[in-house]
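First up is the structure itself, then whatever we jot down about it.
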Amino acid sequence: MSRLLLAPMEGVADFVMRDVLTSVGGYDGCVSEFVRVTGSLLPARTYERETPEIRNGGYTASGTPMVIQLLGSDPEWLARNAAQAATVSPHGIDLNFGCPAKVVNRHGGGAMLLATPELLHRIVSTVRAAVPARIAVTAKMRLGVSDTSLAIACATALAEGGAASLVVHARTRDHGYRPPAHWDWIARIADAVRVPVVANGEVWTVDDWARCRAVSGCDDVMIGRGAVSDPFLALRIRGQMARQPSDAEWPLVLGCLADYLKKLRARIAIHHEHGRVKLWLGYLKRTWPQAAELHDAIRRLQDSAEILGVIEHALARIGQQSAPAG
């Protein structure tokens, strides 16, 4: 069976979301939201805040290995911070060359680096030299900034710079998250480099996963928004749940939501829990129409305890409806 990896998603796949989704099961690994590196050495408390998995040996509560992702554009500062991160991230260091966010790109980070393959090579080689050999250094990239003209050059620069593997998101920065994903370009990249390539982009269903593998030629797939829209997608791919979502699974989804909110409330460093739950419901609406109804029910609520009460009431009501008549 190929590997299934949970993608880093800034503002979405935080520590608690990683905990909940990997607890559902099916993932072989996950990557943190990016830790931004500028012109300083980050203190240890930054990693403790952003990636609490380090207190568990780099694993989520369910035992899924987590890799810390760094984002920046200065080779030396990235290397110094990677060396420090490697002391608490035994499963690897990932470098972000794919973030399309304007706030990141205007500082020359993320996907903007795909305009300069030589800088990509320098970053990866400098980081690789600074990190112990036992710690894998990997990279995540897109197909380019505005077009694919440098896609092969960028992938080659990363691989030759020392990246142990590449995750390729099959769109350019300018394409954002608009379909389609160009999985055929992943195949071209995989043919051009001598390191493993992981396919990423527009995998929402089991059928998407199968087509992605067939077109890209990659065994391993990283899933992002599809994992948030369907928490059971990895299990479906592995044949451990029904291939297609159904209304009968909605109580399980409510259980995931309740678990997520309870864990958010327990995290002192997390604020605005109500906004995060509403954000997740926005993704879930793609798979379950009931999510739209629940979103409407909590739309104006600001208190997380009230929202939890609505979720638990919905669960209780389903239980009453399914109970045999006495």
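Using N, Cα and C of the backbone, Cβ positions are placed for all residues, glycine too.
Under the DSSP three-state reduction, PRO8 (FMN binding site) is assigned to coil, being neither helix nor strand. Annotation source Swiss-Prot lists FMN binding site at PRO8, MET9, GLU10, GLN69, LYS140, ASN200, GLY201, GLU202, GLY224, ARG225, citing sequence analysis.
Per Swiss-Prot, site 'Interacts with tRNA' is recorded for ARG36 (among others), and the stated evidence type is sequence analysis. A sphere of 10 angstroms centred on the C-beta of ARG36 (site 'Interacts with tRNA') encloses 19 other C-beta atoms.
Under the three-state DSSP scheme, ASN96 (site 'Interacts with tRNA') falls in the strand class. What Swiss-Prot records for ASN96 (among others) is site 'Interacts with tRNA'.
For CYS99, the entry in Swiss-Prot reads active site, proton donor, with the evidence type sequence analysis.
Of all Cβ atoms in the protein chains displayed, 12 besides its own lie within 10 Å of the Cβ of TYR177 (site 'Interacts with tRNA'). The site 'Interacts with tRNA' annotation in Swiss-Prot covers TYR177 (among others) and is backed by sequence analysis.
Sequence annotations record features per position, and here Swiss-Prot assigns site 'Interacts with tRNA' to ARG276 (among others) based on sequence analysis.
The site 'Interacts with tRNA' annotation in Swiss-Prot covers LYS278 (among others) and is backed by sequence analysis. The local packing around LYS278 (site 'Interacts with tRNA'), expressed as other Cβ atoms within 10 Å of its Cβ over all shown chains, amounts to 16. Secondary structure from DSSP puts LYS278 (site 'Interacts with tRNA') in a helix.
The site 'Interacts with tRNA' annotation in Swiss-Prot covers TYR283 (among others). Under DSSP, TYR283 (site 'Interacts with tRNA') is assigned to a helix (H, G or I) in the three-state scheme.
The site 'Interacts with tRNA' annotation in Swiss-Prot covers ARG299 (among others) and rests on sequence analysis. Within the same chain, the residues at least 6 positions away from ARG299 (site 'Interacts with tRNA') whose Cβ sits under 8 Å from its Cβ are LYS278, listed in sequence order.
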- Cβ neighbours of ASN96 (site 'Interacts with tRNA') where a neighbour is any other Cβ within 10 Å: 25
- The rounded CA-CA distance in Å from ASN96 (site 'Interacts with tRNA') to ARG36 (site 'Interacts with tRNA') is 10
- Item | Residue, out of the binding-site residues PRO8, GLY201, GLY224, whose Cβ gathers the largest set of other Cβ atoms within 10 Å | GLY201
- Note on the structure: A correct count of other C-beta atoms within 10 Å of the C-beta of ARG276 (site 'Interacts with tRNA') gives 20
- Counting every protein chain present, what is the number of Cβ atoms, excluding its own, within 10 Å of the Cβ of LYS140 (FMN binding site)? 27
- Item | Cα-nearest neighbour of LYS140 (FMN binding site) within the listed recorded positions, ARG36, CYS99, TYR177, ARG276, TYR283 | CYS99
